[in-house]
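Feature annotation from TrEMBL assigns Mg(2+) 1 binding site to Ser130, Glu200. Residues or ranges marked as Mg(2+) 2 binding site by TrEMBL: His228. The annotation ATP binding site is assigned in TrEMBL to Arg363, Asp377. As annotated by TrEMBL, signal peptide applies to 1-24.
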Amino acid sequence: MSWARSHLCSALSLAAVSARGATAEGAARRWLSAWPAPQEPGMEYQDAVRMLNTLQTNASYLEQVKRQRSDPQAQLEAMEVYLVRSGLQVEDLNRLNIIHVTGTKGKGSTCAFTERILRNYGLKTGFFSSPHLVQVRERIRINGKPISPELFTKHFWRLYHQLEEFKDDSHISMPAYFRFLTLMAFHVFLQEKVDLAVVEVGIGGAYDCTNIIRKPVVCGVSSLGIDHTSLLGDTVEKIAWQKGGIFKPGVPAFTVLQPEGPLAVLRDRAQQTSCPLYLCPPLEALEEGGLPLTLGLEGEHQRSNAALALQLAHSWLEQRDHQDIRELKVSRPGTRGQLPLAPVFHPTSHMRHGLRDTEWPGRTQVLRRGPLTWYLDGAHTTSSMQACARWYCQSLQRSKRPSGGPEVHVLLFNSTGDRDSAALLKLLQPCRFDYAVFCPNLTEVSSTENADQQNFTVTLDQVLLRCLQHQQHWSCLAEKQAGPDLWSGPGGGAEPGGPGGSLLLALHPPHSASTDSLVFSCISHALQWISQGRDPIFQPPNPPRSLLSHPTASSGASILREAAAVHVLVTGSLHLVGGVLKLLEPSLSQ
């Protein structure tokens, strides 16, 4: 793994490329430049993160797993070896009273809801999640807060040196990036003496490195869909088999309503494992006869995640014989689809406040800044993108119309890995954006001083060519947009947001299907063009003149400066959202 790749972001020069501009290969060549020399690692936080980055990032780990997937069980066993080398036994993890959560979409939000509920009971919580948005220490949280740079640095070097002692000619001493962080999280949680740990699965379940957990208190499976097909399989049923791999004998597990095929797979996996699996009733069942629940996360799809979180928290408290739960009136509603339904109860005040106070940046998040409104959601699967588009359009419907001029709608998009960006962009086409902007997940032209934003896993030309491919997909889709509305069901005349109705019609005056599109070399330059200095917090000094070098960029800048309101949807990648948040919310980097 070369140091040059870690500094690929510094090799990007500014570019704004029109859909009718140069070829992808030619544009990429013009953006190439030399990489700077690496810095030697020290004992500071950024140096710890730089050393962590040499262990590969998650994308590189995926490629490694693809090559070794003929024996994934051996990889799980290797994780146990690393755990022992680090000074822990598998049985030590039982002391963490773990809530283990998997799923395709919503598992992170479910974990955030669950952690916040249990923290409201005065419990000391640990929370391990991925990926991070701005700083890698976000992945390991105590009582909802990322561990401090000092604590991260201390635990990183302690674990790194412990594992390095086993280095020899026949063994690799260091686990890959995600495995290392998983081990580190276990050590942090044990040494900080948390009452419980909420652990989000990285990818899949059965062979995910978090699945060395033998005796969690409770498990959860959020909504299933298609993602990571090269690792997990190309059908939802195959993916369900992987997700059901976290089930453990005698450990209760809960899942939300799934399509019949994957639900049957989960049911079979649970039976084979002697795991009691329950189907969560919808949130409406828990609200019936009581006050409606307020969620801290926006979007209708978050109600499913909240329903699962309530069951996970209730089960954990019940097994700990918590007084609040002993006094709770619970009904057992029977079965559905050969699965017993989870209990119905009225959430306690601690539960209600936990749901209300949950924060999970980068997921259905809205930032209002003067005339600009930023809508941030890291959707990266077709099902989550559909939910994102619904949330965005419903948010627009609720927003107050400006009286002094036109509104402009902008899409900022990127997608990575083996995901089908054309399919994702197709779901966004009916939103009728005025401009579509594409850029790599790189905050600055040069980010060598911020190790959290460095990436070892892709070459410079790959990230640039990928953005130009997105732009080409968008242009092709725009030419076909004159066809029927992608979101209308059989009842096309229904009210927006109603069953079978279109959420994406007449949200703002219709215009030409040929949306103007631009590609920028980094997130900062994309935000500078979109905001035109009108965001009161994002005020970079002296934007490059080349931002307006293309006619589309120049004419669009005038329109953005004069608009009464600018609505910007940022989506397609959590890493993109994280880079945007780093610039729009500088406090997250402190």
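Quick reminder: no glycine exception, Cβ is built from N, Cα and C everywhere.
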For Arg363 (ATP binding site), what is the tally of other C-beta atoms lying within 10 angstroms of its C-beta?
26
Which number gives the other C-beta atoms within 10 angstroms of the C-beta of Glu200 (Mg(2+) 1 binding site), all protein chains shown included?
23
Looking only at Ser130, Asp377, the binding-site residues on record, which one has the least crowded Cβ, with the fewest other Cβ atoms within 10 Å?
Ser130
